[in-house]
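Undergrad: Sharing a structure, written as structure tokens. Questions coming.
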Amino acid sequence: MDVLHDDTPDLRSLPQERLASLIAGLGEKPFRARQVYRWLHLRGAASLEEMTDVPRALRERLAEGTRLTTLERATEQRSADGTIKWTWRTRDGKLVESVYLPETDRKTLCVSTQVGCAVGCTFCMTGTMGLARNLEPGEIVDQVHRANRRLIELGEGEGPRPLTNLVFMGMGEPLANYRSLKVALDLLLSEDGPNFSHRHVTVSTSGLVPVMRRLGEETQVKLAVSLNATTDAQRDAIMPINRRYPLAELLRACREFPMKQGRRITFEYVMLGGVNDAPEDAERLARLLRGIPAKVNLIPYNENPGLGFAAPAPGAVERFRDLLVARNVTAVVRKNRGTDIAAACGQLAAEGGPGDPRRRAAAALTGTPAAG
């Protein structure tokens, strides 16, 4: 489901070596390609006109034969806790969201990789959208560039790169758009570009097992797995991808995931009241993760109207964490951020709304009647 049927090269989407080849083909010296690349990916230029030290003749030739992806900021919402959610409009009018999460020691951007999502997790608002299309590499990296520039305007940091960390946990399943993701990662990690550290970039997956090993072999970024259940029956009901790649297969892929010594896989566990938050779930989770260098992020469910799930009862998350810690599993409770602007985990949905199949699934799990 790739985007626009347009063969015009997008400068923002080109790997560094392909950009160099394109500019060499115009008869230019190699240093010109580096100049253009740094304007695109270090300074986040929104147009060719901004590239003031690039000869006008070259800019005009590039304008004739290429295009330059630049997202338009459609909305900006600021939370009381400092979180900012941006909705970006693409060239074909699609909307995607990214979220800025400021902390004392880091400034993180949660990045989207698709318009919508085909995975269909029943507790997630993005899943109600379905999948419209994949994002191009330039549309992925430009979320970072637009965010960096906006943060400088807001006085949230100094240029050219206030952001310190990236998490690919926004709209979409990153590994389902691996071609674009890999190019985007290379651009974002490049020394002539933003030069993010591998240690500060995390890619999340719902469990697309065949692509997980490829990610580990071809990059050194960190892996997060959206687990959310401790039995196949439970996970089948809330995450349909489990019917293709059940828990045993997923966890085997985690054990085999290529990692540098000292690294850990983060397991995201969204806690749904009355569904997956019982003491027995904590005990099963500890057993499942045995032998895997793991850290568990416990995420109290952010309630979404119409989806039918509820947050855990008071104290349930802390008790769950304590049970894991007692079984030698590193576990932390992730603080919900941006809930007042629908920017928290599972709340991103730039288009669409709740669907009946998700309400029915929630009702089946919780024993409550489905609305509608």
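Including glycine, each Cβ sits where the backbone N, Cα and C put it.
Swiss-Prot lists GLU97 with the feature active site, proton acceptor. The [4Fe-4S] cluster binding site annotation in Swiss-Prot covers CYS117, CYS121, CYS124. Per Swiss-Prot, the feature S-adenosyl-L-methionine binding site maps to GLY172, GLU173, SER204, SER226, LEU227, ASN228, ASN302; the stated evidence is sequence analysis. Positions annotated as compositional bias 'Low complexity' by Swiss-Prot: 362-372. Marked as domain 'Radical SAM core' by Swiss-Prot on the basis of sequence analysis: 103-340. Feature annotation from Swiss-Prot assigns region 'Disordered' to 350-372.
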Undergrad: Can you check what DSSP calls CYS124 ([4Fe-4S] cluster binding site), collapsed to helix, strand or coil?
TA: coil
Undergrad: Restricting to the same chain and to sequence separations of six or more, state which residues have a Cβ under 8 Å from that of GLY172 (S-adenosyl-L-methionine binding site).
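TA: Looking at Cβ-Cβ distances below 8 Å from GLY172 (S-adenosyl-L-methionine binding site), excluding near sequence neighbours, one finds SER112, THR113, GLN114, VAL115, GLY116, CYS117, THR126, LEU131, ASN134, LEU135.
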Undergrad: Specify the nearest of the recorded positions GLU97, CYS121, CYS124 to LEU227 (S-adenosyl-L-methionine binding site), where nearness means the distance between Cα atoms.
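TA: When the Cα distances are compared, CYS121 comes out closest.
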Undergrad: Per residue, counting other C-beta atoms within 10 angstroms of the C-beta, which of the binding-site residues CYS121, CYS124 reaches the highest number?
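TA: Sorting the candidates by Cβ neighbours within 10 Å, the top entry is CYS124.
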Undergrad: Across the listed S-adenosyl-L-methionine-binding residues, GLY172, GLU173, SER204, SER226, LEU227, ASN228, ASN302, what is the farthest Cα to Cα distance, given in whole Å?
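TA: Those residues reach a largest Cα separation of 19 Å.
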Undergrad: Can you give the mean pLDDT for the domain 'Radical SAM core' (103-340), rounded to a whole number?
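TA: Result for the domain 'Radical SAM core' (103-340): average pLDDT 94.
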Undergrad: Provide, as an integer number of angstrom, the distance between the C-alpha atoms of CYS121 ([4Fe-4S] cluster binding site) and SER226 (S-adenosyl-L-methionine binding site).
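TA: Their Cα atoms are separated by 10 Å.
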Undergrad: To the nearest Å, how far is the Cα of GLU97 (active site, proton acceptor) from the Cα of SER204 (S-adenosyl-L-methionine binding site)?
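TA: Computed Cα spacing between GLU97 (active site, proton acceptor) and SER204 (S-adenosyl-L-methionine binding site) is 16 Å.
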